[in-house]
Amino acid sequence: SIFVGICLIWSYRVSHVPRDGEDGRLVWIGLLAAELWFGFYWFLTQAHRWNLVYRQTFKDRLSHRYGNELPGVDIFVCTADPVIEPPMMVINTVLSVMAYDYPPEKLSVYLSDDAGSQLTFYALLEASQFAKYWIPFCKKFNVEPRSPAAYLDSISISDDSKQPKELATIKKLYEDMKNQVENVAKLGRLPEVHLRHKGFSEWDSYSSRHDHDTILQILIDGKDPNAKDSEGCVLPTLVYVAREKRQQYFHNFKAGAMNAMIRVSSAISNGQIVLNVDCDMYSNNSLAVRDALCFFMDEKKGHEIAYNELYSSSLRVISQVEFHGLDGYGGPLYIGTGCFHRRDTLCGRQFSREIHNEFKIDIPRDREREETTAVLEEKSKVLASCTYENNTEWGKEMGLKYGCPVEDVITGLSIQCRGWKSVYYNPERKAFLGVAPTTLAQILVQHKRWSEGDFQILLSKYSPAWFANGKISLGLQLGYCCYCLWATNCLAVLYYSIVPSLYLLRGIPLFPELSSPWFFPFAYVVISNYMYSLAEYLWSGGTVLGWWNDQRIWLYKRTSSYLLGFINIIAKSLGLLSDSAFVITAKVSKQEVYRRYVKEIMEFGDSSPMFTALATIALINLVCLIGLMKKAIVNEGIPIIYETMLLQFVLCSILVLINWPLYQGLFFRKDNGKMPNYIAIKSIVLAVSSCTCFTLFST
């Protein structure tokens, strides 16, 4: 019915185009183009909703069927800046995955530190000692979640009588470790007593984070008979890696770090399954590995599965609806964290019907030979050198692909185009939890990178529109295109957010009158679409206020993040702009910023050109609405507006209402999170000038 309404809207636009010389002819054609785009994009979004798949695992059957004959699992945790990504946050993530309910001799954890920070290494060294007590404590008392910080924050402080006696010891050990790491971070240097560990000698050749040799330390060797926890049980392997960096070699950001980890881990543990996790996303479910293996080791379908998403975030409708829809067409996108992979698919292996489930037999890891840890470390360092990939297929047909801001999405697409499938599992207890952006600037910068990268994929040789044609299902192609066209949404939304309001100020109607039968398709499509959107959001576990905030961010992204992403890609395509740097999203906030976030007060304290665009658009709509109301009251024209321009008036009013936090930041707030004064002044001048010029000079 919505599709019929959209077709009627298109019919209205085509059949009512003003004649040559009449007011609004060009803007009418612009509205037709925008509405054609909205209709087309709405159709793409429906592909996510045609074939939803919801999965359930039976972990008891996995254990009954395979016992201890389970594959090795290598876990990669990536960090790149000890300031933006504090070491305590990083090691909590590391400890949470080390404590998985999985045979420890089959578990290896690698921390990739692209900053090559002594502080991060020191924190990991302390964590390796704490793990000897934390892991047996988790398994003895079935602790959830297994991030020490998250667990200790979640337990009841007032009811200590019901807590195990060992808890006090764990608390003290954790607080001691935390204090030591944070004190060193405040000092900015390590005390001499800590520098005696052999691992710190690796920094003797260190010049800067962009110029140093490979730093690689096996802090816990799972093959070492002396590597035991406090209960005498085997510990998982734990490895610190800072790949070689040189000024003259481009390091390819996170994709380069992941590829180095794939190679290094193949020499040390060579787990058949690889899990990659961002350093700010701790494991919230100790059984997540077994959940993933239920798909990989399924006798009928397991041999087809290349990767398995266990991702949960604030992208509520995407995670609760859209990815389930993509799962019905061969699997969701690979979106960077919380994803289990077959190692061989990351290394470029093609899918073949002749491939059978290779996980039934416990294949020993490569290193079953007499080899000291020191020798293994030196051999593995070569694999993380900055020249290793020269004249190889790494970054092209092997590993994660280079040259795209969203290396995960393009890599997942190429894997699926080689015949593999992925599955999406969204358990009731989320597999991973992490931090979300706490300021508007952070979320806009993040979405600028995502939309820019997705649009770059659409225009590249790996475009889902043509490269994937015939290699993946049509539904999955439409799903990929939906995300790859995020950036292009900016044009239609920007047009609809400004032009109707300006013509409202001049008293020129652009929509059918209330008494016209053409009024009803517009009203029906708008109301039904938003009611469906609200119902879907509530069904996904959200609230009405959450949905309203989601609509606001929907508008802000399309008129700022996506706009800049679109301009950047077009400029790059024309050779006017070089590749942009990878921007790491901040994982910590200042205390006052976090307090405002908890109170749901929007943060504008940072300066950003995107804020100028948002504020200018918001003020244009406010000026137009005030100007119209003034004319209506003075000329007693309220009934005329109601009859002839109701839809335009409603559109402008909703835009003003949804921008209320912006007006607060511009005019009413006095805290440090308000809109910077120079942005406010610039936006006011631009908005008033635009409305004045349009009123005086347009015809």
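Each residue, glycine too, has its Cβ placed from N, Cα and C.
Other Cβ atoms within 10 Å of the Cβ of Asp114 (active site) number 24 in total over all chains. Residues or ranges marked as active site in TrEMBL: Asp114 (among others).
As annotated by TrEMBL, active site applies to Asp408 (among others). Within the same chain, residues at least six positions away from Asp408 (active site) with a Cβ under 8 Å of its Cβ are Leu333, Tyr334, Ile335, Gly336, Cys339, Leu400.
Counting every protein chain shown, the number of other Cβ atoms lying within 10 Å of the Cβ of Glu85 (UDP-alpha-D-glucose binding site) is 26. Sequence annotations record features per position, and here TrEMBL assigns UDP-alpha-D-glucose binding site to Glu85, Asp114.
TrEMBL lists Lys254, Asp278 with the feature Mn(2+) binding site. Taking all protein chains in view, 22 other C-beta atoms sit within 10 angstroms of the C-beta of Asp278 (Mn(2+) binding site).
The transmembrane segment annotation in TrEMBL covers 26-44 (among others).
Residues or ranges marked as transmembrane segment in TrEMBL: 478-498 (among others). Taking Cβ pairs closer than 8 Å, the transmembrane segment (478-498) reaches residues 30-31, 33-35, 37-38, 41, 44-45, 47-48, 322, 325-326, 329, 333, 409, 413, 447, 450-452, 454-455, 457-458, 463-465, 468, 472, 555, 558-559, 562-563, 565-566, 569, 617, 620-621, 651, 655 in its own chain, all 6 or more past its ends.
Under the heading transmembrane segment, TrEMBL lists 518-539 (among others).
Annotated transmembrane segment per TrEMBL: 560-588 (among others), in sequence order.
According to TrEMBL, the transmembrane segment annotation covers 608-628 (among others).
Here TrEMBL flags 640-658 (among others) as transmembrane segment.
Marked as transmembrane segment by TrEMBL: 678-697 (among others).
Counting same-chain residues at least six beyond the ends of the transmembrane segment (640-658), those with a Cβ under 8 angstroms from any Cβ of the stretch are 496-497, 500-501, 503-504, 507, 509-515, 519, 522-523, 548, 551-552, 555, 618, 621-622, 624-625, 628, 632. Long-range contacts of the transmembrane segment (678-697) within its own chain (CB-CB distance under 8 A, at least 6 residues past either end) are made by residues 502, 505-506, 607, 611-612, 615-616, 618-620, 622-624, 627, 666-667. Distance noted between the C-alpha atoms of Glu85 (UDP-alpha-D-glucose binding site) and Asp278 (Mn(2+) binding site) is 10 Å. Outside the transmembrane segment (518-539), and at least 6 residues removed from its termini, the chain residues within Cβ reach (under 8 Å) are 1-2, 5-6, 8-9, 12, 16, 42, 316-317, 320-321, 511-512, 546-547, 550-551, 646-647. Rounded to the nearest whole angstrom, the C-alpha distance between Asp278 (Mn(2+) binding site) and Asp114 (active site) is 13.
The CA atom of Asp114 (active site) is located 8 Å away from the CA atom of Lys254 (Mn(2+) binding site). Packing around Lys254 (Mn(2+) binding site) is summarised by its Cβ count: 21 other Cβ atoms lie within 10 angstroms of its Cβ, all protein chains included.
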